[in-house]
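According to Swiss-Prot, the features are:
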- G112, I131, G132, D133, F134, I135, L136: S-adenosyl-L-methionine binding site (BINDING)
Amino acid sequence: MKFFVLTIFPQFFEGFINTGIVSRAVKKGIVDIKSVDLRDFTEDKHRTVDDVVYGGGPGMLLKPEPIFKAYDSITEKGHKPYVLITEPWGRKFDQKFAEELSKKEEIMIICGRYEGVDERVKSIVDEEVSIGDFILSGGEPAALVIMDAVIRLIPGVVGDSESLNADSFSNDGLLGYPNYTRPAEYRGMKVPEVLRSGNHKLIKLWRRWKQIEKTAVRKPELLKKADLSDSDKKIIDAIKKGLSFEDFLKKYKV
């Protein structure tokens, strides 16, 4: 997959490209990330990328010319990226959106700055995207979030692909279950006995219980959207009745 990031701060992405699974994906040739400096597409000696707002108002806007020229320089080489622009009112970026984008071959992200971009830029945009209801200094941090979430979904990037299915919001959309590693006891806190039992069927059930329990408390709306099995519904009923996991096992003779 190719990413083209249109920005006035290309250096912002250097650490991201050279760190962790993203770096490995780049070295393997699975992912290619190009930071495109909008200032390279200006024509004045000051390399101006912004200007005042027509009609008056605070702040400055990114000018259309550098963005269109940067876009043209990419598409003229035969690239056909799916174009995103970071906007606070855009489509909410979530796991489902990330999964959709992971199927694309090429993605362009236009990073806004100042008061945003000239509205005419939207004529080349496929979707406006927001990572949350808050304001950032620019679209660069949002672009990092989007790329990181998408890249890890691309086949071959994450070593253990099964781990993706256990992530929160993946697969059936519920939150993830708690995980533990060694030592078995630390500062009086013990790893749940079930996880050390070797009973894989019981471990799977416990993890499902914890997923549903966490989701019910923190994001109950996700349960309404999830495709729940009969076993899941029994777990929900038990949680509503205040039963513990152990009580649940006894009641349903699991």
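Residue 1 is the first one shown; counting continues down the chain.
Just so you know, glycine gets a Cβ as well, placed from its N, Cα and C.
Everything Swiss-Prot records as a feature, shown here on the structure.
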residue	record	DSSP (3 states)
G112	S-adenosyl-L-methionine binding site	coil
I131	S-adenosyl-L-methionine binding site	coil
L136	S-adenosyl-L-methionine binding site	coil
Open item on the list: Give me the count of other Cβ atoms within 10 A of the Cβ belonging to G132 (S-adenosyl-L-methionine binding site).
Closed with: 11
Open item on the list: Cβ neighbours within 10 Å, counted over all protein chains: which one of the binding-site residues I131, I135, L136 has the most?
Closed with: I131
Task: Extra residues within 8 Å (Cβ to Cβ centroid of G112, I131, G132, D133, F134, I135, L136), S-adenosyl-L-methionine - done: T86, P88, S130, A142
Task: Packing count at D133 (S-adenosyl-L-methionine binding site) (other Cβ atoms within 10 Å of its Cβ) - done: 8
- [ ] Inside 10 Å of the Cβ of G112 (S-adenosyl-L-methionine binding site), count up the other Cβ atoms and send me the figure.
- [x] 24
Open item on the list: Restricting to the record's S-adenosyl-L-methionine-binding residues (G112, I131, G132, D133, F134, I135, L136), give me the longest CA-CA distance in Å as a whole number.
Closed with: 16
